[in-house]
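What follows is one structure encoded as structure tokens, with my remarks underneath.
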């Protein structure tokens, strides 16, 4: 697995901008510099990225101060959208639901992904084969998976109907109840994203030095003890990475909600991105929707910074200290 | 990861590390998860081989006793092939754009050592954190201003832009591993930046380039938000959007709906069988957005 390198490599470069040989031979010096591309080589990529990703980041903040219906030009409206946002019960509810969904997703996905990842890090043949199956959901789009689950959860013709009959539950309409719909979204998203996080944990677990397990087993630790004393602490950094991605990911579930519940019943699953979609592209109140979108960025960034700070990940302590 | 030589091995064999012997609770947990993964996949495939009436009558789990490909035929009789074609175009264009741009950006970042190139890299690192939904409204504005609304370009351009940061990050990592000496000998031969890139850097970073290509292709193949909000007519519809549309079109024809789902994922499953390593690397390109 070619893990992308972390930032420090660039920081290292920063300390020695130029080779510090005091009097480089002229020929060598020329050899070093001919054949080097200039920063101009980055310009096409930069322009492209700037136009479709970076500039929109700035634009969305500007649009949140305008009133715009998508047809005429956006008109400056000052802080109107923001004061409306501040006191909008729909927004409060969406924010609460988003945070609740994020919490549910984290609480469900982390333990399962951790166990699956550690399990699949083993080198047995059977584990390799089963892991290949486990990771299948990763390949399909959110739309495809949401459609499969929509069919399964269909109260009349889906598996849900059969299960309700076997268990003699009166009602199979999971998606029709407020709590059921939110749980269903959380479950389907977990089913889809657990393999990704399991892969992260698998990579982390495979990097734990074997000697730690040998030492633990000399000390008489059994499998379970080894898991808690060696595996878990060693996976700390992986857990933070996975959690941050999970939190930012679950703040932005959209397809699953759109297809599974359409934000309903009522507004029981209208999470922030869905509210933005409804306001912007259904009600064509794009200025207000921009304010919703901006607040989504603020919340997502805030939550992930907070997590990084709280877990001390910012200090990037190595789990291999003293080895 | 080799077996410990007998001299240092712990004498009692019950203290072997976790992956050495069967672990029953772990096995049971894995079996449970296997069921959770396989039952939906079973329903997905088996339903498509049954008729609509059979599915409605005998429920989701029943075996396809008289398999028929009727539902596939129904899907293929519609606009499915148009959607597939559009998706193929979008995927190929995205992968090509991202690979070319990420290679040039990463090459410049790795080989130009000055403040400007470090800034460029930092900007792309920041770009990793931008969620596409947060900027969809301004992207919509830009796309309509450029008169690209409802064209395949409207899907390709933003999708590629959002895959670019990950591509740059992966390729900067790969290209840093190429030795300075090799570059110097190229330079002594009088090679300019373009020749160095094509004859040295690109061949040496094939693995990274493959990963970037697969990552961006997957993003494009599975992407929904951009096509959903930036195109509207049938001629520009991509597969994911087509699937979403089938919900209305097929209503209770679950076998046909699921047949469309199967057809849309078959190419990726085939790629998974052929090139699992590259695909997994591509998937893990960072971020589960």
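If you go along the chain as it appears here, the first residue is 1 and each next one adds 1.
Any Cβ shown, glycine's included, is placed from N, Cα and C.
Residues or ranges marked as transmembrane segment by TrEMBL: B:24-45 (among others).
The transmembrane segment annotation in TrEMBL covers B:83-109 (among others). Sequence-distant contacts of the transmembrane segment (B:83-109) (same chain, at least 6 residues past either end, Cβ-Cβ under 8 Å): 117-118, 120-121, 124, 152, 155-156, 159-160, 163-164, 167-168, 170-172, 174-175, 193, 197, 201-202, 205, 209, 212-217, 219-221, 223, 227, 236-242, 263-264.
According to TrEMBL, the feature domain 'ABC transmembrane type-1' maps to B:84-275.
If you look up TrEMBL, you'll see B:121-143 (among others) marked as transmembrane segment.
Residues annotated as transmembrane segment in TrEMBL: B:155-175 (among others). If you look at the transmembrane segment (B:155-175), the same-chain residues 6 or more away from its ends with a CB under 8 A from one of its CBs are 90, 93-94, 97-99, 101-103, 105-107, 109-111, 121, 124-125, 127-128, 130, 132, 139, 143, 148, 201, 204-205, 207-209, 211-212, 215-216, 219-220, 223, 226-227, 230-231, 236, 238, 285-287, 289.
Per TrEMBL, transmembrane segment is recorded for B:196-221 (among others).
Outside the transmembrane segment (B:254-275) by six or more residues, the chain places 43-45, 47-52, 55-56, 70-72, 74-76, 80, 84, 214, 218, 221, 239-240, 242-243, 246-247 with a CB less than 8 A from a CB of the stretch. The transmembrane segment annotation in TrEMBL covers B:254-275 (among others).
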